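The block underneath contains the structure these notes are about, expressed in structure tokens.
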Ligand SMILES: O=C(O)CCC(=O)C(=O)O
Ligand SMILES: [Mn+2]
């Protein structure tokens, strides 16, 4: 799978998905000075931090707006890696020690665009591998809900875990989070600005016969 990227639009997105403008990347505060937050609950293992300083995050956001073409609905047509995605992937490798061979990109035009509760449990994922979620643009709420505490048939009362994913942030979702916890990006009508999220994953090599 290495060398490809899949681009996908956010659920119920609108707009034309393009904003051509390019800014020079600039240095932000050193990454080592950014505090890391460990978030743990039963079966939940997350790590949150700012990965990019403000100026660099702004530049990456503009570059993504310029270079990434979005599709309505879901597409599994893989595309070659482009420089801005390689840049983020390399920073992730430096910062986390993990290498990723796949990225799924969602663009939310504003707070109306959202993604419903789901788990990232595709059978093609390398078992127990972490997922790195990198966000740019509008800060949005992100909610985790335990599988036993969802809906009318809930068997346990486990408090949802709510985070805010800021511009330039990284959320590492580590094993076994996606076994037990669903996540969602709820509607937030007060949010008027766009947001781009990239989830970097480790996919198993496809056996070409
Ligand atoms: O937009 C986000 O922060 C999450 C996207 C997501 O969960 C997904 O693409 O599977
Ligand atoms: Mn997901």
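Glycine too: its Cβ is placed from the backbone N, Cα and C atoms.
The 2-oxoglutarate site in TrEMBL is built from 106, 108, 118, 195, 199, 201 plus one of 98, 183, namely 183. Looking at the stretches 1-38, 39-76, the one that TrEMBL records under the feature region 'Disordered' is 1-38.
The distance from the Cα of residue 201 (2-oxoglutarate binding site) to the Cα of residue 121 (substrate binding site) comes to 11 Å. The separation of residue 121 (substrate binding site) from residue 199 (2-oxoglutarate binding site), Cα to Cα, is 13 Å. Only 199, of the binding-site residues 108, 121, 195, 199, 201, place a Cβ under 6 Å from an atom of ligand 1. Mean model confidence of the domain 'Fe2OG dioxygenase' (99-204) amounts to 97 (pLDDT, 0 to 100 scale).
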